[in-house]
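Enquirer: Can you read through this structure? Questions will come right after.
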Amino acid sequence: MTRECPSPAPGPGAPLSGSVLAEAAVVFAVVLSIHATVWDRYSWCAVALAVQAFYVQYKWDRLLQQGSAVFQFRMSANSGLLPASMVMPLLGLVMKERCQAAGNPFFERFGIVVAATGMAVALFSSVLALGITRPVPTNTCVILGLAGGVIIYIMKHSLSVGEVIEVLEVLLIFVYLNMILLYLLPRCFTPGEALLVLGGISFVLNQLIKRSLTLVESQGDPVDFFLLVVVVGMVLMGIFFSTLFIFMDSGTWASSIFFHLMTCVLSLGVVLPWLHRLIRRNPLLWLLQFLFQTDTRIYLLAYWSLLATLACLVVLYQNAKRSSSESKKHQAPTIARKYFHLIVVATYIPGIIFDRPLLYVAATVCLAVFIFLEYVRYFRIKPLGHTLRSLLSLFLDERDSGPLILTHIYLLLGMSLPIWLIPRPCTQKGSLGGARALVPYAGVLAVGVGDTVASIFGSTMGEIRWPGTKKTFEGTMTSIFAQIISVALILIFDSGVDVNYSYAWILGSISTVSLLEAYTTQIDNLLLPLYLLILLMA
């Protein structure tokens with residue numbers, strides 16, 4: 001989460017602001033670092049993609065300022081096309097390199113497909129921006145055409161026919177999700193956030209369909225299938241109820257009862273049978289056996305239940321303070337919002353150290369609960385809808401300008417994605433040595449520690465501001481220092497982490513991501529952990 005409101009984006013036709021250029025410089029530094037590490041034809045594609053995304057981002061920014069975009073995007077930030085465009089391609093590249101080193105050809109090809117899919121989705125977003133720009137920007141179109149031509153040529157000679165079809169399937173799903181969700185949820189995303197979130201959902205949906213249709217020797221752990229089914233099920237449930245409540249009032253008791261009944265029907269009649277088909281056992285019995293398999297898991301679950309209770313008490317206490325204050329428009333201070341970051345850190349560190357599979361599943365369950373409660377709040381479902389609206393309105397900031405409140409879901413995703421995205425078959429031979437040993441902690445370091453410390457110290461003691469932003473030099477420096485201290489503590493308490501003298505790369509990765517936090521206006525809870533994960537994996 002950001003420390004203060006970002007500076008407004010430049011007006012129509014204005015040159016790129018210093019903060020946007022600085023953000024682009026940080027992203028290019030990451031891209032070139034990965035390119036130097038990988039140095040193959042796919043990394044050259046990533047460089048070409050970054051160049052065209054930089055030029056197209058300016059066109060997106062101008063469209064947003066002129067109000068000429070097809071959909072209503074979040075206006076308190078720039079388009080964010082460049083940083084968002086590079087996440088999936090870079091993630092695929094480092095995944096390919098890691099699995100190649102581990103001798104796993106299946107996941108090596110999977111990494112290439114991830115990179116190709118990310119490039120295809122990013123190119124589509126660029127074409128969309130240029131297609132609705134008037135007059136047509138000739139120079140930017142030429143750059144996009146050259147970059148796209150290079151990428152398509154290389155991928156055409158690198159992917160099999162099945163892999164090309166898979167990339168096109170994801171692109172088709174992405175197009176339809178864009179049309180549906182951006183229409184139903186105005187002002188919830190920037191173009192970059194929409195690319196990142198909807199691109200990820202599209203890829204997950206395609207993977208679930210693919211694995212459901214090829215069950216003959218289905219590869220994958222049950223916890224992976226559990227995550228895929230939960231994510232897709234919750235998204236489809238949201239689309240179903242959003243369409244349904246266009247034609248009926250969702251705030252009545254009749255609609256609320258229908259909502260709960262249909263949730264049970266969809267869960268018991270669609271989600272559970274789908275999961276049963278994939279894991280070939282009773283999903284509820286499997287989940288219960290998994291959660292209570294060892295004493296360590298029981299202790300962790302009890303500990304996490306106490307932390308969840310504490311988080312609820314913080315919400316109630318802050319709302320009680322608002323009720324007793326004279327101003328009903330009182331908003332929770334920055335420090336109060338960072339309590340949740342500290343609670344999440346206290347949740348994830350024991351899970352990473354003692355039982356990562358349990359943390360994997362628990363984070364998936366928590367994501368489902370968060371999304372379901374957001375549906376209840378958004379649709380005003382009785383009896384909790386209005387209560388949740390009142391309680392959570394205290395913690396809104398400028399990024400919650402749309403109908404949905406997503407910052408707490410982004411926080412959970414930012415902490416969980418480094419756990420979910422690690423290709424476990426490529427890390428079972430001890431290949432996560434050096435800086436890679438810290439990959440599971442990427443969310444804890446970037447968001448739980450770095451962003452929290454930067455926010456608190458930047459807002460209370462910061463005086464020297466980074467050019468073009470309201471972020472402070474003091475906040476960034478204390479963020480870097482706190483993450484370095486955290487790495488030292490991880491080395492002490494987690495015996496499985498051995499950085500093998502990769503201190504310079506770790507320091508450079510942390511510093512780069514901290515600079516990105518200082519300049520980006522995107523959802524840092526989601527963006528920062530992904531970039532730190534990419535750098536540490538490299």
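Just so you know, glycine gets a Cβ as well, placed from its N, Cα and C.
All TrEMBL annotations are machine predictions without curation.
These came from TrEMBL, pasted as-is:
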type: TRANSMEM; residues: 16-34; note: transmembrane segment
type: TRANSMEM; residues: 78-95; note: transmembrane segment
type: TRANSMEM; residues: 107-130; note: transmembrane segment
type: TRANSMEM; residues: 136-155; note: transmembrane segment
type: TRANSMEM; residues: 167-185; note: transmembrane segment
type: TRANSMEM; residues: 225-248; note: transmembrane segment
type: TRANSMEM; residues: 257-276; note: transmembrane segment
type: TRANSMEM; residues: 296-317; note: transmembrane segment
type: TRANSMEM; residues: 338-354; note: transmembrane segment
type: TRANSMEM; residues: 360-380; note: transmembrane segment
type: TRANSMEM; residues: 401-421; note: transmembrane segment
type: TRANSMEM; residues: 441-461; note: transmembrane segment
Enquirer: Count, for each of 16-34, 225-248, 338-354, the Cβ pairs lying under 8 Å from the transmembrane segment (401-421), and report the range with the highest count.
Expert: 338-354
Enquirer: Residues sitting near the transmembrane segment (78-95): Cβ under 8 Å, six or more positions beyond its termini, same chain?
Expert: 9, 20, 23-24, 27, 30-31, 34, 38, 42-43, 45-46, 49-50, 53-54, 56-57, 60-61, 63-64, 107, 110-119, 121-122, 125-126, 129, 190-193, 195-196, 199-200, 203, 421, 423, 426, 516, 520-522, 527, 530-531, 533-534, 537-538
Enquirer: Please indicate, using numbers and ranges, the residues of the same chain that are 6 or more beyond the transmembrane segment (107-130) and have a C-beta under 8 Å from a C-beta there.
Expert: 42, 45-46, 49, 52-53, 56, 59-60, 63, 70, 79, 81, 84-100, 136-137, 140-141, 144, 147-148, 151, 155, 158-159, 163, 166-168, 170-171, 174-175, 191, 195, 199, 202-203, 423, 425-426
Enquirer: Please indicate, using numbers and ranges, the residues of the same chain that are 6 or more beyond the transmembrane segment (167-185) and have a C-beta under 8 Å from a C-beta there.
Expert: 70-73, 113, 116-117, 120-121, 124, 155, 159, 194, 198-199, 201-203, 205-206, 209, 239, 242, 402-404
